[in-house]
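Under the heading disulfide bond, Swiss-Prot lists Cys410-Cys432, Cys414-Cys420, citing sequence analysis as support. Feature annotation from Swiss-Prot assigns domain 'PAN' to 374-455. What Swiss-Prot records for Asn106, Asn191, Asn211, Asn241, Asn289, Asn446 is N-linked glycosylation site, and it gives sequence analysis as the kind of evidence. What Swiss-Prot lists as S-nitrosocysteine is Cys374, and the listing cites similarity to another entry.
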Amino acid sequence: MLRFDYLLITALAISTVSVVMAQVPPEKQFRVLNEPGYAPYITEYDASYRFLNSPNQNFFTIPFQLMFYNTTPSAYVLALRVGTRRDMSFTRWIWDANRNNPVGDNSTLSFGRNGNLVLAELNGQVKWQTNTANKGVTGFQILPNGNMVLHDKHGKFVWQSFDHPTDTLLVGQSLKVNGVNKLVSRTSDMNGSDGPYSMVLDNKGLTMYVNKTGTPLVYGGWTDHDFRGTVTFAVTREFDNLTEPSAYELLLEPAPQPATNPGNNRRLLQVRPIGSGGGTLNLNKINYNGTISYLRLGSDGSLKAFSYFPAATYLEWEETFAFFSNYFVRQCGLPTFCGDYGYCDRGMCVGCPTPKGLLAWSDKCAPPKTTQFCSGGKGKAVNYYKIVGVEHFTGPYVNDGQGPTSVNDCKAKCDRDCKCLGYFYKEKDKKCLLAPLLGTLIKDANTSSVAYIKY
């Protein structure tokens with residue numbers, strides 16, 4: 001027994017030492033300086049960018065490249081870009097390392113003997129790292145699919161960018177319930193920090209949320225689809241026979257288990273069914289090899305896919321899927337389609353609701369500021385104006401609200417809630433929906449669907 005314990009302890013010690021001793025060889029180590037100077041070609045967000053240069057490391061695997069970029073002065077993000085400099089349509093940023101914690105001029109990206117990839121300021125303050133020190137990392141690589149990896153001596157990934165998505169999924173990249181389970185939008189093109197829109201995978205489905213008021217509101221997604229814990233963005237040939245011409249399909253694939261019928265009983269804003277039975281959702285079909293594609297949650301809350309056709313002489317990028325479109329879910333269902341506020345019908349912003357009625361819409365149309373009208377339980381009157389035949393963007397995903405209840409009770413709830421900008425009432429079903437955010441109001445042919453907006 002003592003001999004067995006001794007052998008076990010010895011084996012564990014040898015294993016531990018072997019991991020600690022597995023180090024990055026000198027010829028694969030690097031330290032890159034974020035030096036002043038900019039590259040000349042156009043890129044997404046109208047960003048300025050800088051190349052990374054090291055005699056020990058290539059940061060470019062066509063068409064993906066690791067670079068620094070900035071949209072505001074002295075605030076740089078380490079990011080992966082897709083596209084080549086000859087592209088007439090601009091190259092795209094598909095992964096950010098430190099978008100919530102940018103660095104300044106002369107910051108450094110270092111990959112030392114211990115295998116930790118570290119982004120630090122000139123004074124040594126660490127702004128981002130992979131936390132892979134002494135975990136057996138022996139090399140750095142950017143793969144042809146856009147996955148940036150740190151691997152051990154056997155080629156096994158110790159860390160990979162595919163496990164840390166920001167607002168974008170590349171082909172083969174996943175969201176996982178037991179891992180990073182969401183995409184988060186940028187705040188704007190100029191501000192790359194986390195924005196108000198997210199797409200979250202849980203055991204109920206893949207759901208899109210907007211949170212501008214402290215209350216997450218559902219506005220899209222596949223809320224009743226069982227992805228079995230994992231959803232992967234994929235592009236596959238329509239036909240398996242490689243000798244025959246084939247279209248390519250953009251898919252959202254669940255974990256590879258026996259398929260179940262996802263059901264679909266509340267898709268009130270949907271123009272056509274999205275996806276098919278069997279668990280896999282078919283987003284679109286394209287007539288070329290779309291292996292280089294990505295799915296992006298935009299700063300405006302949109303969900304779009306873009307595909308890259310490198311054989312084209314210009315305009316290599318094409319929008320190949322849009323969740324809010326004439327073909328899928330109505331454009332009016334996007335909360336920001338009419339900006340901060342507006343009345344939408346058939347993909348057009350046709351009016352600006354006011355207490356005096358519908359006025360001509362412009363990008364200056366804004367909801368009323370109502371906090372001063374909140375009664376707060378003190379009996380102060382709250383005024384509303386009425387809009388007939390309209391629904392809220394979140395209505396289809398919350399079964400039009402709570403009920404049955406009376407319109408007076410619905411009003412009383414909104415009166416008492418300072419965050420409530422208005423309420424939507426379904427007269428036929430006696431359903432009540434309180435709205436802390438208005439955004440785009442959607443025309444409803446059913447005149448029993450009525451909105452009451454505070455002013």
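A Cβ is built for glycine as well, from the same backbone N, Cα and C atoms used for every other residue.
Overlay of Swiss-Prot annotations on the structure.
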{"residue": "Asn106", "record": "N-linked glycosylation site", "contacts (Cβ under 8 Å, 6+ apart)": "Leu33, Asn34, Glu35, Pro36, Leu122"}
{"residue": "Asn191", "record": "N-linked glycosylation site", "contacts (Cβ under 8 Å, 6+ apart)": "Thr71, Thr72"}
{"residue": "Asn211", "record": "N-linked glycosylation site", "contacts (Cβ under 8 Å, 6+ apart)": "Pro196, Tyr197, Ser198, Leu217"}
{"residue": "Asn289", "record": "N-linked glycosylation site", "contacts (Cβ under 8 Å, 6+ apart)": "Tyr248, Phe309"}
{"residue": "Cys410", "record": "disulfide bond", "contacts (Cβ under 8 Å, 6+ apart)": "Tyr423, Tyr425, Cys432, Leu434"}
{"residue": "Cys414", "record": "disulfide bond", "contacts (Cβ under 8 Å, 6+ apart)": "Val382, Cys420, Gly422, Tyr423, Leu434, Tyr452, Lys454"}
{"residue": "Asn446", "record": "N-linked glycosylation site", "contacts (Cβ under 8 Å, 6+ apart)": "Gly389, Lys428"}
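Taking the disulfide-bonded residues Cys420, Cys432 in turn, the residue surrounded by the fewest other Cβ atoms inside 10 Å of its Cβ turns out to be Cys420. In the three-state DSSP assignment, the secondary structure recorded for Asn191 (N-linked glycosylation site) is coil.
Across all of the domain 'PAN' (374-455), the predicted model scores a mean pLDDT of 90.
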